[in-house]
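S.K.: From TrEMBL, for reference:
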TRANSMEM  A:6-23  transmembrane segment
TRANSMEM  A:58-75  transmembrane segment
TRANSMEM  A:96-116  transmembrane segment
TRANSMEM  A:131-150  transmembrane segment
TRANSMEM  A:170-195  transmembrane segment
TRANSMEM  A:201-221  transmembrane segment
TRANSMEM  A:228-245  transmembrane segment
TRANSMEM  A:257-283  transmembrane segment
TRANSMEM  A:295-315  transmembrane segment
Amino acid sequence: MITLQWLYMLAGAMFGAFAALSATDRSNAKRLGNAAFWGLMAASLLAGDLIGDFGNGLLVLTLAALAGFGWIGRGSPPTTSEAEREGYSARFGNRLFLPALIIPATALLGTLLYNYTPLGGLGLFQEKRETYVLLGLGVLLALLTMFLWLRPPALAPLQEGRRLIDSIGWAAVLPQMLAALGVLFAAAGVGEIIGGMTQSVIPEGSIFLAVTVFGLGMAGFTMIMGNAFAAFPVMAAAIGVPLLIRDFGGDPAVVGAIGMLAGFCGTLMTPMAANFNLVPAALLELQDQYGVIKAQLATAIPLLVVNILLIYFLAFP
Amino acid sequence: MNYWPLLGILLVVIGFALRLNPMLVVTVAALATGLLAGLDLNEVISTFGKAFNDNRIIAIVWIVLPVIGLLERFGLQQRAAAVIRGMRNATTGRLLLLYLAYRQVTAAIGLHSTAGHPQTVRPLVAPMAIAAAEKQHGALDPVTSDKVKSYAAATDNVGLFFGEDIFFAIGSIVLIQQTLLTYGYNLAPLQLALWAIPTAIAAFLIHGGRVLILDRSLRGVGR
């Protein structure tokens, strides 16, 4: 059976190659920092289960120090020039889109085949993780196709991958750090504290104000945690279930479903949701790391208002 | 109740507001939160390390980078831009509107991992949006070009967030169902998924309207 462990091995090997290629990149004055940073990511993926919790903790602290004190830079792996790329684009035409579609097509067809034919019964992939396994499969298929068709130099995929990961930099690791911070927040009881504080600001007897505090609480606590999943159980326990559903008789399906979506409006407005907001800013090489959040504010705020109104009108007809 | 752990949140807010390095901010906040909650330093480091290790699945998405980088090497971004230049009626707003619809619909039928910032936005959507904007009013200054790229990324997020919950087998629906079940409310996932539709429509109207307004402002910059 193909499990997540296989994918950790694949990703770990890739980060290991990034580290080795970084170490020899003389164009980058901080090359040893890059090699250490990507090397530690490789170690985490390859051996995270072997080095113990404290070992993992030290690994994370080292990653944070390397990134936080500016010890990682940006390499310049060999790639093609703008003019060469225009040439390839004219020469290969729209066929260039085909390898780009291999990854989504593998994920789509694979998921359908796996879930709706007897193939799924064979237990080829770890349960509920088939999308990730198919993502890995799609990557390998796309690489194979491009090697057969375009014949790039053997190291090109790793060098091009390193070009991209260096442009993203430490932001590539930040989402995982924030997830770990969320675990510490939870262990410290932040959820109960916020839930209690929200409960205490609700005025008696007004359905509309209770719905508003619930919606704003979902969005606000999501902004703090970076994740609506962490906010939902807290807000459900503080307001959603005891007040909206039990006292005021609201429809639990509406309160639950649209309450979660009010949280998603918070996700659009917070740097804590790094993989949606900060990573794309790095990936698209924006000057302003908060550029994506700024582009989302004018969608998120009106949509939050809409969600609050939807809960009020749909859950309490 | 011990309110001290809230200082950890304050550290994060201040750190992000001052634009300090987020990796340092997060680490300091994590250590402070754990210590204020009464754990000793050893336990805090271990908890942080275990949580990082438990979340390695987040790092898996980067395995697409060698493919995306290789495609860029052979001119995929240039090709995406050329296709847009060849379409007479293409504008940034119409393109993003189409992508918003595509992202919402595919996410709603469970295909949320077929697109994303590394897979589609950087190699395809952003260069196409830039090419369309250049067609509307010539070369872009860096600020306008960054704005167009930000809108491309924002459109991906909005489409994903307000499409995926219509699919009943997604993590957030399961979480809602499980949470409410602990209070004795046993709901079918499909029941929850249906209530995601009104918000999905509102998100399409609000964000779709904004990308069309972006078109108008781009034409304004051109003149």
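Glycine too: its Cβ is placed from the backbone N, Cα and C atoms.
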S.K.: For the transmembrane segment (A:170-195), what are the same-chain contacts with Cβ under 8 Å, counting residues 6+ beyond its ends?
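M.R.: Tertiary neighbours of the transmembrane segment (A:170-195) are 37, 41, 60, 63-64, 66-67, 72, 217, 221, 224-227, 230, 233-235, 237-238, 272-275, 278-279, 281-282.
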S.K.: Below 8 Å between Cβ atoms, which of the listed ranges A:58-75, A:131-150, A:201-221, A:228-245, A:257-283 makes the most pairs with the transmembrane segment (A:96-116)?
M.R.: A:131-150
S.K.: May I ask for the residues of the chain that lie six or more residues beyond the transmembrane segment (A:58-75) and have a Cβ under 8 Å from a Cβ within it?
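M.R.: Contacts of the transmembrane segment (A:58-75) (Cβ under 8 Å, skipping residues fewer than 6 from its ends): 21-22, 25, 27-31, 33-34, 36-37, 40-41, 43-44, 51, 162-163, 166-167, 169-170, 173, 177, 180.
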S.K.: Against which stretches of its own chain does the transmembrane segment (A:257-283) lie, if we need a Cβ under 8 Å and a gap of at least six residues from its ends?
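M.R.: Same-chain contacts beyond the ends: 164, 167-169, 171-172, 174-175, 178, 214-215, 218-228, 231-232, 235-236, 240, 289-293, 296-297, 299-301, 303-304, 307-308, 310-311, 314-315.
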